[in-house]
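A.B. asks: Can you read through this structure? Questions will come right after.
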Amino acid sequence: MVQYNFKKITVVPNGKDFVDIILSRTQRQTPTVVHKGYAISRLRQFYMRKVKYTQQNFHDKLSTIIDEFPRLDDIHPFYGDLLHVLYNKDHYKLALGQINTARNLIGKIAKDYVKLLKYGDSLYRCKCLKVAALGRMCTVLKRVGPSLAYLEQVRQHMARLPSIDPNTRTILICGYPNVGKSSFINKITRADVDVQPYAFTTKSLFVGHTDYKYLRYQVIDTPGILDRPFEDRNIIEMCSITALAHLRAAILFFLDISGSCGYSIAQQAALFHSIKSLFMNKPLIIVCNKTDLQPLEGISEEDRKLVMEMKSEALKTVIGQGGEATSDDSVLLTMSTLTEEGVISVKNAACERLLDQRVEVKMKSKKINDCLNRFHVAIPKPRDQKERPPCIPQAVLEAKAKEAAEKEKRKTEKDLENENGGAGVYSMNLRKHYILANDEWKEDILPEILDGHNVYDFIDPDILRRVEELEREEGIRQAEEENDEFEIDGAELTPEQQAALAEIRKKKSLLIQQHRIKKSNAESRPTVPRKFDKDKQYTSERMGRQLSKLGLDPSLAIQRMRSRSVSRRGRKRDRSPEGADGGDRMDVDGDTPGKKQRLSRSRSRSRSVSRPPHEVVPGEGLKDSAQKIKAIKLAKKSVKKRNKEARRGEADRVIPTLKPKHLYSGKRSTGKTDRR
């Protein structure tokens with residue numbers, strides 16, 4: 001099957017873009033460094049390479065354009081005439097011819113200038129020849145700019161053409177505008193053609209696909225055709241004429257018998273007779289549409305006579321294909337696309353007629369003779385008048401019957417569900433597959449089987465009476481336990497123990513009350529330091545009295561608490577007694593200490609208060625000071641780069657690199673060094 005995919009044609013750039021693409025590619029793909037001190041052969045080779053590369057790029061791009069656009073003489077006549085109708089064959093060929101001429105001219109220019117470059121005697125002369133060669137190539141291409149623009153418009157329009165296979169099974173719909181052609185293709189295919197109540201809504205060919213007897217059929221909706229001379233028809237009508245002339249398809253000629261399309265039956269019959277030459281050797285069906293507005297039996301005698309004449313013309317196509325003249329049921333059909341009455345019958349009749357015609361054509365071709373020569377059917381000749389019916393042995397019949405019985409499908413639960421009302425009505429019986437000694441037990445409520453045992457074997461008939469006895473015994477035991485609960489009533493205690501018990505109960509009740517008060521106003525109660533304790537509940541005297549009552553010495557605890565409450569900075573350091581550091585100390589005039597003495601005191605004080613950074617504090621997760629020093633170094637190293645980057649911003653003063661190395665390095669034997 002030949003498929004014409006015009007969507008794969010490469011985009012055609014305009015003249016200016018074409019030149020930019022080629023020159024930029026030459027600049028990127030060829031060397032760009034040349035010096036005056038090079039040998040003349042090297043200079044010639046340098047510029048010859050640029051000219052040849054540019055010419056080759058022009059040749060490749062232009063050849064791609066010429067090869068990808070279809071040649072009207074080589075493609076199917078349907079597409080050849082369609083492209084001629086849409087784009088004017090002469091303009092199309094002229095544009096491609098100009099592109100071909102430009103390609104040849106660019107090749108000649110490159111050839112001439114390469115010859116001249118072979119005799120260039122200096123760097124300047126070679127460079128001028130290269131500039132002239134590239135300039136003449138670009139000038140030639142700019143002169144064909146209109147042709148490139150025209151081909152780009154043609155390419156864009158061809159990419160939007162429907163993909164029609166001229167050799168596959170095709171159904172072609174034709175007729176006057178607004179007779180229901182697009183509505184019909186929307187009904188039988190998945191195409192979405194615009195349908196409006198005015199003429200020429202469809203302005204081009206539309207394609208849909210439908211299936212019949214497991215075969216795919218191509219359905220083409222054509223624009224409406226008017227009954228006028230061939231020269232007066234526009235491009236829209238000529239698309240339909242082209243399809244009718246070149247596609248081997250079944251023709252559906254739509255006839256609006258209600259007249260709502262704006263054209264009478266006489267006008268539609270005149271169009272039929274004017275284009276009937278395009279229907280030769282093709283299956284033709286006349287479809288009377290819009291029977292919901294006007295049935296075929298209700299039309300006038302004159303219109304009926306015209307319809308019968310069209311029917312007789314359609315019957316001639318049946319006779320021409322080798323059919324019988326009596327088979328007129330599939331020639332004139334009625335339908336309504338609004339109510340969908342008769343739509344499927346029209347589609348089936350068209351597909352059947354087309355299939356019969358294609359089979360008949362294949363039977364008449366030479367290929368069928370080649371196939372028939374390979375087959376031979378042996379027919380035995382009778383030797384007497386005795387009948388000899390076919391005899392099948394009984395064993396074979398029994399084997400076939402047994403095989404058929406084995407193949408009989410066992411009903412599943414899904415089949416039973418469908419037979420008995422479907423889901424929600426049918427209830428599956430889960431017990432019918434129980435394996436029991438007696439099948440009658442399956443539907444019994446008991447016995448229940450649990451872990452392979454019959455539950456009924458473990459049922460005690462006196463279980464209710466025994467449960468009552470257990471409940472009664474349980475009630476008696478609970479009553480005894482309540483009576484045995486321990487309660488301190490104070491009858492067996494001494495007076496000292498009773499006083500302590502009363503104190504404990506009083507303290508307990510006070511704590512409960514305080515907790516309830518705190519819990520009730522916990523949200524609105526502010527947090528107040530203990531120095532504002534008005535009730536004097538948390539004082540050292542109160543703590544001392546409580547500890548004394550318990551028989552403990554409170555002096556050490558009070559002293560420790562007072563020593564911790566005084567701030568470290570406000571506490572004066574006790575002066576060491578004289579002679580503690582030796583009695584030979586020299587006397588100093590005046591009580592004011594010297595500068596070194598004050599400095600040493602401040603250092604000693606700071607040493608006593610502070611901690612060296614490498615000292616390990618419990619809870620840091622480090623085993624010794626060496627590990628801590630290493631961790632500190634790693635931390636400083638990790639933030640060093642980040643700190644360095646953070647110190648530089650957009651507003652900072654930056655001195656850029658004035659001489660980039662990649663521009664000022666390399667071998668410079670002769671000439672200036674300020675540029676390459």
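The backbone N, Cα and C atoms fix where each Cβ goes, glycine too.
From TrEMBL, here are the annotated features:
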type: DOMAIN; residues: 169-355; note: domain 'OBG-type G'
type: REGION; residues: 515-676; note: region 'Disordered'
type: COMPBIAS; residues: 530-544; note: compositional bias 'Basic and acidic residues'
type: COMPBIAS; residues: 561-574; note: compositional bias 'Basic residues'
type: COMPBIAS; residues: 575-594; note: compositional bias 'Basic and acidic residues'
type: COMPBIAS; residues: 595-608; note: compositional bias 'Basic residues'
type: COMPBIAS; residues: 630-645; note: compositional bias 'Basic residues'
A.B. asks: Residue list, the compositional bias 'Basic residues' (630-645) vs rest of chain: Cβ under 8 Å, 6 or more residues beyond ends.
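C.D. replies: For the compositional bias 'Basic residues' (630-645), the sequence-distant neighbours (Cβ-Cβ under 8 Å, at least 6 residues beyond its ends) are 613-614, 622.
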A.B. asks: Let me know the model's mean pLDDT on the domain 'OBG-type G' (169-355).
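C.D. replies: Across the residues of the domain 'OBG-type G' (169-355) the model's pLDDT averages 84 on the 0 to 100 scale.
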A.B. asks: Of the residues in the compositional bias 'Basic residues' (630-645), how many are helix, strand and coil by DSSP?
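C.D. replies: Counting residues per DSSP class in the compositional bias 'Basic residues' (630-645), I get 16 helix, 0 strand, 0 coil.
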